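Each remark here refers to the structure printed beneath this line.
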Amino acid sequence: MDAASEVEQENGFAGKRGAAKIQERLQKRHQARTDDSDRRKETKENHSVAEEKLEYFSSTFNTERASIEQLLSSCSGAERGVVSQRLEEATAKTAQLKKFLNDSVLFLTQYELRQAQAALQKLQTSLAETREEALPKKKFAFRARSKAADKVASSASDSPDGATAAGTVKVDGAAASEQCGFSNIDSEFLTKTSEEIQNRDVLLTHLTNCKVRLFGSPSTLHLKHIDSCEILCGPVSRSVFVDHCRNSTLAFPCQQLRTHNTTDTQVYLHVTSRAIIEDCHGVSFAPFSWSYPNLEEDFNVSGLDRGRNNWSQVDDFNWLAAGTPSPNWSVITEITFCGNALKASMTI
Amino acid sequence: MGLLTILKKMKQKEREMRLLMLGLDNAGKTTILKKFNGEDVSTISPTLGFNIKTLEHKGFKLNIWDVGGQKSLRSYWRNYFESTDGLVWVVDSADRLRLEDCRKELSALLLEERLAGATLLVFANKQDLPGALSKEAIREALVLDEIKSHHWCIIGCSAVSGENLLAGVDWLLDDIAARIFTAD
Ligand SMILES: Nc1nc2c(ncn2[C@@H]2O[C@H](COP(=O)(O)OP(=O)(O)OP(=O)(O)O)[C@@H](O)[C@H]2O)c(=O)[nH]1
Ligand SMILES: [Mg+2]
């Protein structure tokens, strides 16, 4: 009801009944004002919760970062056994810090996120450098090595073949850097940043129970032997290829999606040409709904057309009968995904 | 019809070539075809069936057949073998996990009687991807050096950038032309 008609009414209802009406209205207004100020208070409280979270994030992040830097700098000049122990600790702490950052993504501003990502990147670089300097031979065996192997290696620390070893490491390093992705991992939270995957071919194989977040725009994405995972990826400029995937949730924008031997899997999809399935059943589709701070930018990088999403036009290569819909795929009707997925990523 | 016209007609027919493009699904066949023809490649869908394109190149009239490579379509490939002059086998060089599949499918094709006379061009596609194997690695993985039954050549290329597509097609045309049109 607008103000003018209210005034008219007031004039029209002079007298006792009018006075009561005015009284009532005043009462209502008072109530509304109180509600309003309550609401403002609440927003303010929410705001300060966010601020607190941010404060907590910054101080924790910085403390952890400092302690990792400390660990790294204490490596120079230390004996080999000690160094390898410290490096191991620094590696674990860096991984934790990365996870902490991922878990905090929701309440960080883009600026804070970038700062933290840059800091993390720097840490990873200096970790790699320290490792190369101190333990050239063991660069790539490092993570998988047991404590016992450590001792053997440290007692052999004065072997004179440091130079040749470093040479081999470089070759390995080049090979490793070409292959981008994750494989043979169970029950972990895995992430890649934009710098790590941009314009690359990313491969995820033999993952079970993992949550994967790929923040960026790869050129292509291959998923093979995926079980009970949740895999969310930024805009893929060309095709996504899925093979032997079960019981999982996937989300990405892409140019083409090819899905093979996949069962009981939900796909939250933005596809600019077509999605196809072959030898699949129980695959369901809904529009892509995940979001993260740099999504817009990554969409631009990918060159994908945002206004063109054929997520519900799926060709089943095993069901080319015209007229009858394929029983192997369906459309997801509820639209609860976005919130759920993000909550899940917060609580892992 | 005068003799000259008939001769001209025969000549025209002679300058026609039939090329067949095959390879696993997702290899980039349709993208190569469209890029070569100067069309937009961002709207290409996985091929359900086949595409045929007729184009002029270097004075030849090329009929290029691009057949879908999904598993369920491969049994239909044989419908397209007849009178093929050139076979273009397209490989996704970054798809290491299916190289063995790729090798098997190719070696089965090379046993086909109806393809016996065809020249083989292997495109090691997607060389723009950082994880792509080199054309030498693909040559080894597909054991190309064992092929004695066909003239063959492998060329690294990228359908999205267009790099080397022309070089590949030119080699193929030269080889076919040398084989067919100068035979008599
Ligand atoms: N990065 C990169 N991607 C490519 C290249 N060539 C093709 N692609 C992409 O690979 C995907 C598959 O390409 P298509 O041309 O549809 O493959 P196809 O061989 O015709 O596949 P089918 O029709 O299923 O047999 C598409 O997303 C293309 O954009 C390339 O040279 N580099
Ligand atoms: Mg195609």
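Glycine residues also receive a Cβ, built from the backbone N, Cα and C atoms like all the rest.
Checking the candidates B:G59, B:G69, B:G162 against TrEMBL: the one annotated together with B:G23, B:L24, B:D25, B:N26, B:A27, B:G28, B:K29, B:T30, B:N125, B:K126, B:Q127, B:D128 at the GTP site is B:G69. Contact with chain A, taken as any Cβ pair under 8 Å, is found for the binding-site residues B:D25 out of B:G23, B:D25, B:A27, B:K29, B:T47. Taking only the Cα positions, the spacing between B:K126 (GTP binding site) and B:T47 (Mg(2+) binding site) is 18 angstrom. Annotation note: B:K29 (GTP binding site) sits in a helical segment as assigned by DSSP. Under DSSP, B:G23 (GTP binding site) is assigned to coil, being neither helix nor strand in the three-state scheme. For B:G69 (GTP binding site), the number of other Cβ atoms no farther than 10 Å from its own Cβ, over all displayed protein chains, is 23. Largest CA to CA distance in the GTP binding set (B:G23, B:L24, B:D25, B:N26, B:A27, B:G28, B:K29, B:T30, B:G69, B:N125, B:K126, B:Q127, B:D128): 22 Å, whole number.
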